[in-house]
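*Asks:* Below you will find the structure I want to go over with you.
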């Protein structure tokens, strides 16, 4: 029998288990506690930090604690969304790790009764010069494309960053968004004693056993031995499961639905019973098994994919079975909901484990972390480049700025025919069939900023996500997050985690955007490297009328280019990192009051229908944002930028709370009025014209290129980096 230490439990945790059970646990029970009390399932390091996040609001139907968050968008419609990580599995088996990450997050959405309509992925990899990184990159992208394309859910947005700190630990965060009717939402709460517990979907095998525990430890040289802990997905089975579950959920007698993800039956059964303050009894002999001779330990801990747990009134069992039979899926009653508060596991009628449900879900000892502030070395002495045009082209072609088109072209981003604004803009926009409304979705986080200052970096991540939505004409209505950090046992990492959560909370609270779901992924480090603190923000926004939809592409010859939020800085940025190799300094400052008013100006102008295009300023600064809008619109721009700081930082600095919009000349007075009403400065910096990309600084021309030249650099560089 494995010891508690072999399973990742501490001596203190084992003593707590004995106290809760009033006896020593047997092997099956010990395995159940090991997965449920793993960091991945229990959040034992972060529970107390996450309590400070703003999770309520007038639109919030369901916050954290369910399969996904739910936000009301009116007309009896809700958005259901969540983000999760699949970092450790993707580091070991990138194709299946990423693919099953997609499968798991999609199940969280339709478990709530919502039809999945969009996927997003936020990815981080190491230096592309490494053969290992190229292997991981190729496998992850292929896994996402394979699974997402096969299930018919479009991958519409996301982000990819490269940095050496992610070489051993790629970050694979996936987000799914669904739409449902408000009165058809289902919850994972078993509140009816005597109800049948049905396992539906695929058969159970030995794949993924202890996957949750594996995801809660540092990677090492021995991690490759844990490839069996990586689940294997079948997207065609998932597609059948989506349709069957959405049909079954409409039955009155289906009371609760729970995805089987991390920790398999152990997690699904204990959580669905615990939320309803009930007990649950199952017999593993009734679980459809695809492998012979599986032990109770293996069955109850298996993380085989494409499985769901349904709580059903007994008289509706046959109706549910008929639906799943029609979709060629297994459906089997494996147990009942009880009043005793216990999770009883039997095998052929004999009890093999019996544990209080809340002991598994709520009684894990919280880990008290030690905190130590990392000392920032201050601003660097940045040289000034001689040739700003060459510098611009080098920056535009760099891994973190060049287009991701070669990646998103592999994803079917149009399936479902809802995608209105395609990948490549600030955010994706999807129509809602049968409604005049639309939704915008995005993911954002600059890990470099968070490394330099986790508090300010996390605030910036929230603010930039909101700016991206506003640029499409959307009002931000909800956040999901994925907190990716190294080992919290390191006081400096614990400090980063604490400050990042505080920064997220402040920005979300100030901008009045509730955080309704999320995920924590810790221990993303190896002996050689720790990842940057990477609190990824997923955000959804509501566009009240499809006539308000805006994108980043320049459109009309002669339109004025207007900068909203006229400020510049000489802070650390992608320019200082890429061009000069400086990976330290002070992050760009952000004033949340200014940020809020800049967003209000842009959104009001879009709703007044005077804006032809809108674009957020982020990595690469003003020059890169202008280039992106020119490339997207296939039309040139002539700009003259005026500022009292160095020319390179005028072009490439990343001061926050700035956006560029294009308008017709006759609409400038109205835009000025909107800006004045919000006490925000604006400045006409140029006009849309011809096929040239020309930028002057204080009257001196510093960039003069053809649109075709910058398009070639922008669109082809990533593929060159991958293939060289």
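Easy rule for this one: first residue shown is 1, then count along the chain.
A Cβ is built for glycine as well, from the same backbone N, Cα and C atoms used for every other residue.
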*Asks:* According to Swiss-Prot, 43, 82, 481 bind ATP; so which of 8, 126, 434, 518 is the extra one listed there?
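*Replies:* Site partner of 43, 82, 481 for ATP, according to Swiss-Prot: 518.
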*Asks:* Pick from 521, 526, 547, 569: which one does Swiss-Prot list with 85, 86, 87, 88, 107, 231, 303, 304, 305 for the same substrate site?
*Replies:* 521
*Asks:* So the record assigns 43, 82, 481, 518 to ATP. If I measure every Cα pair among those residues, what is the longest distance in angstrom, as a whole number?
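*Replies:* In whole numbers, the farthest two Cα atoms are 17 Å apart.
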*Asks:* Does DSSP put residue 108 (Mg(2+) 2 binding site) in a helix, in a strand, or in coil?
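*Replies:* The residue in question, residue 108 (Mg(2+) 2 binding site), is helix (DSSP, three-state).
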*Asks:* Using a 10 Å radius around each Cβ and counting other Cβ atoms from all shown chains, which of the binding-site residues 108, 259, 303 yields the largest count?
*Replies:* 303
*Asks:* How big is the gap, in Å, between the Cα of residue 84 (Mg(2+) 1 binding site) and that of residue 40 (active site), rounded to a whole number?
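*Replies:* The Cα atom of residue 84 (Mg(2+) 1 binding site) is 11 Å away from the Cα atom of residue 40 (active site).
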*Asks:* Relative to the Cα of residue 40 (active site), which of the binding-site residues 82, 108, 259, 518, 519 have a Cα no more than 10 Å away?
*Replies:* 519
*Asks:* Between residue 518 (ATP binding site) and residue 85 (substrate binding site), how many Å separate their Cα atoms?
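*Replies:* Cα-Cα distance, residue 518 (ATP binding site) to residue 85 (substrate binding site): 9 Å.
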